[in-house]
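Novice: Once you've had a glance at the structure underneath, I'll fire off some questions.
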Amino acid sequence: MSEARRDSTSSLQRKKPPWLKLDIPSAAPATAEEPSFLQPLRRQVFLRSVSMPAETAHISSPHYELRRPVLQRQTSITQTIRRGAADWFGVSKESDSTQKWQRKSIRHCSQRYGKLKPQVLRELDLPSQDNVSLTSTETPPPLYVGPCQLGMQKIIDPLARGRAFRVADDTAEGLSAPHTPVTPGAASLCSFSSSRSGFHRLPRRRKRESVAKMSFRAAAALMKGRSVRDGTLRRAQRRSFTPASFLEEDTTDFPDELDTSFFAREGILHEELSTYPDEVFESPSEAALKDWEKAPEQADLTGGALDRSELERSHLMLPLERGWRKQKEGAAAQQPKVRLRQEVVSTAGPRRGQRIAVPVRKLFAREKRPYGLGMVGRLTNRTYRKRIDSFVKRQIEDMDDHRPFFTYWLTFVHSLVTILAVCIYGIAPVGFSQHETVDSVLRNRGVYENVKYVQQENFWIGPSSEALIHLGAKFSPCMRQDPQVHSFIRAAREREKHSACCVRNDRSGCVQTSEEECSSTLAVWVKWPVHPSAPELAGHKRQFGSVCHQDPRVCDEPSSEDPHEWPEDITRWPICTKNSAGNHTNHPHMDCVITGRPCCIGTKGRCEITSREYCDFMRGYFHEEATLCSQVHCMDDVCGLLPFLNPEVPDQFYRLWLSLFLHAGILHCLVSICFQMTVLRDLEKLAGWHRIAIIYLLSGVTGNLASAIFLPYRAEVGPAGSQFGILACLFVELFQSWQILARPWRAFFKLLAVVLFLFTFGLLPWIDNFAHISGFISGLFLSFAFLPYISFGKFDLYRKRCQIIVFQVVFLGLLAGLVVLFYVYPVRCEWCEFLTCIPFTDKFCEKYELDAQLH
């Protein structure tokens with residue numbers, strides 16, 4: 001046995017490089033001077049090699065080190081609610097949540113509002129990578145080294161270069177033990193002394209995979225005949241957050257992944273780069289990948305002896321902290337690059353198509369959105385100041401990007417609803433004026449007449465205003481009992497109360513008209529009680545009537561019997577569904593052929609007894625079953641959607657938010673989609689879908705409510721108020737990051753110019769400036785309450801809490817005031833139409849007065 005051991009030892013000595021010297025110190029008992037509490041710490045730190053693969057080591061504590069778990073008091077419901085509300089509004093006392101909000105805000109600001117102050121840039125940017133030395137890859141002396149470890153040599157760990165501290169110290173009685181991050185191959189103490197390391201520097205967090213990227217990967221897997229799950233298994237290790245401790249997490253979650261190496265074969269290198277681009281080092285640059293693919297195949301060095309000079313030169317080909325850094329051309333000519341290869345145990349086979357997959361990943365990858373410097377900030381060249389406090393800088397770095405779920409859902413709904421509306425209701429005449437159609441139509445008098453139909457043109461390439469009202473547009477007469485519309489309907493019913501059936505002498509037909517409209521020479525106006533056919537009611541002849549094809553004496557359903565006799569007022573008569581006699585009643589108003597029935601025309605509840613041909617030409621709603629206009633409810637027909645609870649009182653208040661998902665046409669929808677995929681999507685990445693959804697919907701509802709007050713007879717659709725509420729978020733974000741911007745006034749005036757331009761654009765027809773103004777004001781209040789912010793000290797933190805409460809109360813007051821003006825004290829503004837549409841011509845703007853819409 002001893003002979004075999006000597007043979008194996010001699011074979012190992014022959015394979016040992018001549019320059020390699022191993023000095024293994026002998027084990028020595030712990031000295032008396034060494035503190036006893038440091039022994040477990042030292043065993044834990046130096047239990048395994050920090051440069052060679054090792055199995056997961058589980059340290060078993062002695063029985064005297066076992067401690068009872070600390071008993072904690074259960075958090076009360078009140079404290080839980082308070083803590084959750086503080087975290088949601090971004091004013092919690094927890095440093096982690098506060099830094100998370102504020103770092104994301106700074107990152108967003110740097111992309112949107114221009115250049116930052118120089119001090120911010122110096123504290124946000126990492127140190128220069130030009131001065132990288134080999135000493136940064138060497139392991140420093142450990143925190144505590146006993147006599148037995150004083151002879152240990154330094155071990156080179158190339159991947160440890162630039163690895164910053166990811167967690168703070170775990171202090172125990174005044175001494176700290178650093179947590180070594182477990183890399184894909186091994187761990188190294190170089191992680192704690194690199195020239196780029198520091199407790200004050202937190203790593204940039206990786207952006208979550210976009211929906212488009214995941215969809216592209218799934219489609220590629222299906223085209224190749226692979227399962228979608230196979231492609232996602234290799235990415236199960238990737239996280240969208242920084243774990244509290246890399247050592248504890250990797251040891252617990254991935255116990256079988258420590259038997260790997262830093263270096264792999266060329267076929268697996270791209271897989272390693274695509275699997276660990278964010279947790280070990282940044283994604284490789286495109287130029288470096290091209291150099292790697294163009295490099296000639298070299299001899300395989302697997303299992304061979306390693307030369308010291310080659311080992312020291314090979315670190316130049318290894319990934320640095322941010323991507324791959326190429327060696328200078330002069331140095332490359334003197335020292336050829338040598339790839340270091342080593343055997344890797346991999347459960348997955350070699351993957352093909354990596355030369356296409358890596359550029360595709362780089363195509364979909366995007367940097368995080370700095371607070372205050374989003375898309376608009378890039379367009380306006382905003383930058384941070386040169387110097388920013390480190391506390392503010394940490395707040396910027398801690399902010400993560402959210403997935404814009406609300407933006408994608410909203411865009412899908414807008415597109416789908418617009419397509420369905422255009423397909424079902426068609427496209428109105430395109431233009432800015434009014435479109436007139438003239439035709440010869442048979443009317444209720446039995447003769448053809450030339451009639452004209454006037455329709456407002458729609459330059460958005462979409463349905464007409466009547467169709468949009470039927471779909472759910474903002475329209476005050478459908479949301480409340482409008483005083484003018486109600487008085488107009490009552491006046492029409494009063495005229496109908498004194499009408500009677502006009503029977504033509506040639507027996508060509510009859511129609512319900514007034515005495516002025518019935519010819520005394522060509523027809524007979526059957527008016528009760530003058531006409532002998534008048535029935536009796538309670539022993540007296542009826543004073544109002546007659547009605548063509550309706551009489552209480554011959555109607556069976558509903559019958560006019562005591563105590564349910566039909567009233568004296570004919571406008572209160574029900575619709576007769578069944579008559580007891582046919583056309584031979586010996587009553588002239590019952591035996592004639594009726595030529596006109598009620599037709600609801602227009603959008604203001606106007607009813608006219610006319611022929612079906614004329615009703616269809618005027619795009620009205622013809623009622624074949626009724627004989628009087630009082631028997632139909634035209635506003636219910638015009639508004640559509642759900643029927644009113646009381647047919648006389650419109651109550652479709654849900655139009656305030658339903659109209660946010662409608663558009664006036666295809667162009668209108670495209671404009672909204674462009675806005676949502678740029679500004680709204682950018683802001684949702686910063687604040688999350690729940691905050692943006694609240695601001696978007698409440699701003700739109702407030703804008704529509706103000707528009708319904710000042711422009712009650714105008715059908716409006718689209719998220720105009722919501723979009724201006726989102727624009728108000730940009731102003732609030734600018735105000736919150738004012739102290740860190742290099743030129744905040746320039747960014748402010750640029751934003752102001754954009755808003756003024758959009759407000760001027762709102763002077764065109766079909767664009768509501770009242771919704772713009774109210775949506776912007778409400779969005780301003782809501783943004784101060786719900787958007788994330790950057791705090792500049794404890795006093796500023798308390799000020800933000802007061803600010804949240806104050807602006808929520810102000811918004812609720814604004815909303816309550818608008819509700820009172822709409823339902824309780826309605827107002828009428830004569831000049832308000834000039835604020836939303838300037839009549840350059842007589843027919844440029846649609847008339848807002850009630851009488852102008854009556855045909």
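Every residue, even glycine, has its Cβ placed from backbone N, Cα and C.
Just so it is clear, the model here is predicted, and its values are computed rather than measured.
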Novice: Are Arg226 and Asp768, as given in Swiss-Prot, on the same side of the membrane?
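Specialist: Going by Swiss-Prot, Arg226 and Asp768 are on opposing faces of the membrane.
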Novice: Mind tallying the topological domain 'Cytoplasmic' (794-803) by DSSP state, helix then strand then coil?
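Specialist: Tallying H, G and I as helix, E and B as strand, the rest coil: 10 helix, 0 strand, 0 coil.
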Novice: Write out the long-range same-chain contacts of Ser76 (phosphoserine), meaning residues 6 or more apart in sequence whose Cβ is under 8 Å from its Cβ.
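Specialist: Set apart from Ser76 (phosphoserine) by at least 6 residues yet with Cβ under 8 Å, there are none.
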Novice: What mean pLDDT score does the topological domain 'Cytoplasmic' (1-411) have in the model?
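Specialist: Averaging the confidence scores along the topological domain 'Cytoplasmic' (1-411) gives 53.
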Novice: Taking the transmembrane segment (804-824) as the first stretch and the transmembrane segment (656-676) as the second, find out whether 3 or more Cβ pairs fall under 8 Å, excluding pairs closer than 6 in sequence.
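Specialist: Answer no: the transmembrane segment (804-824) and the transmembrane segment (656-676) share fewer than 3 Cβ pairs below 8 Å.
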Novice: Under 8 Å between C-beta atoms and at least six residues away from its ends: which parts of the chain pack against the transmembrane segment (715-735)?
Specialist: 105, 108-109, 112-113, 371-372, 376, 465, 468-469, 471-475, 603, 659-664, 668, 672, 675, 679-680, 683, 686-687, 692, 695-704, 706-707, 741, 744, 747-748, 751, 754-755, 758, 762, 766-768, 771-780, 782-784, 787
Novice: Can you count helix, strand and coil residues in the topological domain 'Cytoplasmic' (736-746) using DSSP?
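Specialist: Breakdown, helix to coil: 7 helix, 1 strand, 3 coil.
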